[in-house]
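Report on the following structure.
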Amino acid sequence: MLGYLARRLGAYAVMTFVATSIAYLAAVSFLRPDLRLLAATPRPAPEVVQARLADFGLDPTASAWERYGHWLHGVVTAWDWGNSPGGTPVSAEFVERALMSGRLMLLATLLQIVLGVALGVFCAVRHHRPSDRVITTASFVIACLPAPVAFLWVQMAGIFTNAYASHYLGQRLVYVSGMGSPVPPEGFWAGLGDQAAHLVLPTIALTLLGYGGYHLLQRSVLLDDVDSDYVRTARAKGLTRAQAIRRHALRTSFVPVAQNIAFALPAVFAGAFVVEAVFAWEGLGSYTLDALTRTQDVNAVVASMAFGCVLFAVGAIAADVVIEVIDPRARGVR
């Protein structure tokens, strides 16, 4: 198992390197960070703009390959991902934003998997019953909604909830935007509670983005297993239907679901781009969109691409470990 994971880790490291290199070459070819500098008032001289770009490692007089070599040397030797247009290191800004988005993405990913699998098992056990039909239809509709529409609906639900709560309780129950109150409450626990309260709606929105896929997949796979020979054999030995499903069919049916974990983290990262814009959350999503559209920050865009590749690798390796644990057939095969 360890040897297999080491080989997979090496393969994903190569994949991350290649994808990040392609992203850098594409970014330096198509993004124009000089336009933001030239838009300043008074307009700087071309020599000043060229010197500023050189400080970012984006000397316009050098070829794309020369700039790539300079950037790669900095990353490998000093973990220097370059500077942002504001002059601060991209690595420092990126880590700060990653910590902000990490709690949102991690919590939403866990809730997607737990809620989706639980509903899939619940509906499979109650196949063709009204509860199965209602929950499955609702999950299908939510899964088909465009992400911005679903996120805006969650935000509107929060606004209406606050309106009713203010009328009947005299206070609001949820926060619909921002990462914290403009004036943070005093004390560690009070501040932590304030941040957690602002985390509720964005987490719900991101959870809705992906739980439906897990629900529908778990239900479909489990329905194929509940009438299999080994489940009937388990019931013939005295187990109830629920016990046979829980002890035997659930473990087997979870293998295809676990394989999808590889795509869960990148999908949540992509969803964070929209949810952070809707809920005014200053994380990686808004940081990357700002780098693409406003500042044309090559170094920040490439760092985001590398982070997405790392998330995919982490998810894929986590899926391999889960499959190894729950599926005895996979042990020793790899």
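The backbone N, Cα and C atoms fix where each Cβ goes, glycine too.
Please treat TrEMBL annotations as automatic predictions, because they have not gone through curation.
Taking Cβ pairs closer than 8 Å, the transmembrane segment (12-31) reaches residues 58, 64-65, 67-68, 71-72, 292, 296-298, 301-302, 305-306, 309-310, 312-313, 316-317 in its own chain, all 6 or more past its ends. Taken from TrEMBL, the feature transmembrane segment covers 12-31 (among others).
Positions annotated as domain 'ABC transmembrane type-1' by TrEMBL: 98-323.
Residues annotated as transmembrane segment in TrEMBL: 104-125 (among others).
Annotation comment: TrEMBL describes 137-160 (among others) as transmembrane segment. Within the chain, the transmembrane segment (137-160) has long-range Cβ neighbours (under 8 A, six or more residues past its boundaries) at 119, 174-177, 201, 204-205, 208-209, 211-213, 215-216, 271, 274-275, 278-279.
According to TrEMBL, the feature transmembrane segment maps to 196-214 (among others).
Annotated transmembrane segment per TrEMBL: 261-281 (among others), in sequence order. Residues 100-101, 104-105, 108-109, 112-113, 147-148, 151-152, 155, 176-179, 201-202, 205-206, 209-210, 288-289, 307-308, 311-312, 314-316, 318-319, 322 of the same chain sit 6 or more residues outside the transmembrane segment (261-281) yet have a Cβ under 8 Å from a Cβ within it.
Residues annotated as transmembrane segment in TrEMBL: 301-326 (among others).
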Report, as numbers and ranges, every residue of the chain located at least six residues beyond the transmembrane segment (301-326) whose Cβ falls under 8 Å of a Cβ in that stretch; write 'none' if there are none. 1, 4-5, 8-9, 12-13, 15-16, 19-20, 23-24, 27, 31, 71, 81, 90-91, 94, 98, 251, 254-255, 258-266, 269-270, 284, 287-288, 291-292, 334
Residue list, the transmembrane segment (104-125) vs rest of chain: Cβ under 8 Å, 6 or more residues beyond ends. 131-132, 135-136, 139, 199, 202-203, 206-207, 209-219, 222-223, 226, 241-242, 245, 250, 254, 257, 261, 264-265, 268-269, 271-272, 275, 281, 283
